[in-house]
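Feature annotations, reproduced from TrEMBL:
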type	residues	note
DISULFID	251-320	disulfide bond
DISULFID	280-340	disulfide bond
DISULFID	322-329	disulfide bond
TRANSMEM	7-27	transmembrane segment
TRANSMEM	450-472	transmembrane segment
């Protein structure tokens, strides 16, 4: 019976030690298991729920546009007065996004075209699309600025053509025309006289012309099934892995995401990267702070670093974005996207020249000082799954005008960065079904981990203490029995000796 008890105690001790080891393993390796489950869950596998959300996002993105309406165009051109602008808007459109023509490739990638449908929301806007604004004539001023270093006779010929066509430096158009397109006499002329290989791919001018529908751009992204670190990363854009515009391979990279998803398990020191064709580059995003999003899902806020549009004096690494050398570099706070806009001198900035030199803002009157909470560009990302929960992509479109004295129509138009409009595009929240999964992935596993660690370690310690106590008690009992047995034997031996002495007394005694 005693042997059986000892065996049971030893087995109990082994179980207790195993439970303690299990608690340590859970403490060290549980997150690895959870990460593996998350990786499996979010990878883009056709037929999965996350694939469906990716292909047709269950959200209603929106874009709000604010136009800088020029109120003193004649005085600006005739008298050299500072241009005065009046910011009008917002003009709000809701969007429907869908990835179409999806093809699964053999190398763990998917290829698709993006369909974006815009719907005007007058109920959310400051006025109808028919509102009339006066803005710089972008096609004309682009042509005159490009001609600045051409032969003089070409500039004089251009002035004559513009005189005949009655083209002026400012145009009066509706908001809808400015965005979606209007017939421009210069573009119409170019269609007839420019060689076929040099023709522009559109016949009208609009800042969003051709974007309401299915894009012809073919995008290939990694699914994350083979390597979760590549989840959502662009492999190719129109068959290319790099842009052709900039001076280094690093600045020509395309391997960011579209901004809707990022590789999971995001840490605060990671730099996220977003690629958008209209940005003409990868846009880096750095951690700013932790935030709460709708439905109480915690997120990390990532924003472009202050150096992203900095001049080369402030940030020498931006020299790669100066393809013609230092003279072609942008002023502080601006980014030149002309190479992606058919050489039209378009400069991007943040709204109200946020993070730019204030001298750019004060070149015209009517633009209030920038405010971080109103004009900052940011992404709020759920760090465990890498899903974007909220985004406000805020960008301002500006025209870099060069004064050309030989073209009389613009002879009084000074060198200036002229603001055209700014917009904010994004989403405010995700549906409950999606955020419930995010909240579960964020909150439940850590609680399970704590419960398992406490349970395993507590049970293991209790069993180990009880077993140790029983072993010590049994050992003490056995020692006592052994001592009692020894005393009994000693007493018995003494009694036996006495008895023998009585029966056999020593010699000489009767």
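Cβ coordinates come from backbone N, Cα and C, glycine included.
What TrEMBL says about a protein is an automatic prediction, not a curated fact.
Here the features listed in TrEMBL are painted onto the structure.
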residue : record         : CB count, 10 Å
251     : disulfide bond : 18
280     : disulfide bond : 21
320     : disulfide bond : 17
322     : disulfide bond : 17
329     : disulfide bond : 18
340     : disulfide bond : 16
Spatial separation of residue 320 (disulfide bond) from residue 340 (disulfide bond) - C-alpha basis, Å: 16
Cα distance (Å, whole number) from residue 280 (disulfide bond) to residue 329 (disulfide bond): 15
Whole-number Å value for how far residue 280 (disulfide bond) lies from residue 320 (disulfide bond) (Cα to Cα): 13
